[in-house]
Amino acid sequence: MDVERETVVEAALATFSVALFIVILAVAGTMGGPGLSQQGAYTVVGGIVAFVIVMSALGLWLNRSD
């Protein structure tokens, strides 16, 4: 199986970003007790916004590095 270095870098960055997003959601889920507190909700929203920004920035960077 012959894989280019660029493909491996793209896959690694995407995997890392998704793993970081899952960690943020897990941390947000543990804030507050049985229900989602206001602070936990803000953390979830912040995690989603950060994920979108990071993935957009990675997409732009990878597109321009061609």
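Quick reminder: no glycine exception, Cβ is built from N, Cα and C everywhere.
Per TrEMBL, transmembrane segment is recorded for 7-28 (among others). Long-range contacts of the transmembrane segment (7-28) within the same chain: residues 36, 40-41, 43-44, 46-47, 50-51, 54-55, 58, 62, each at least 6 residues beyond the stretch ends and with a Cβ under 8 Å from a Cβ of the stretch.
Residues or ranges marked as transmembrane segment by TrEMBL: 40-62 (among others).
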Same-chain residues at least 6 beyond the ends of the transmembrane segment (40-62) whose Cβ lies under 8 Å from its Cβ atoms
9-10, 13-14, 17, 20-21, 24-25, 27-32
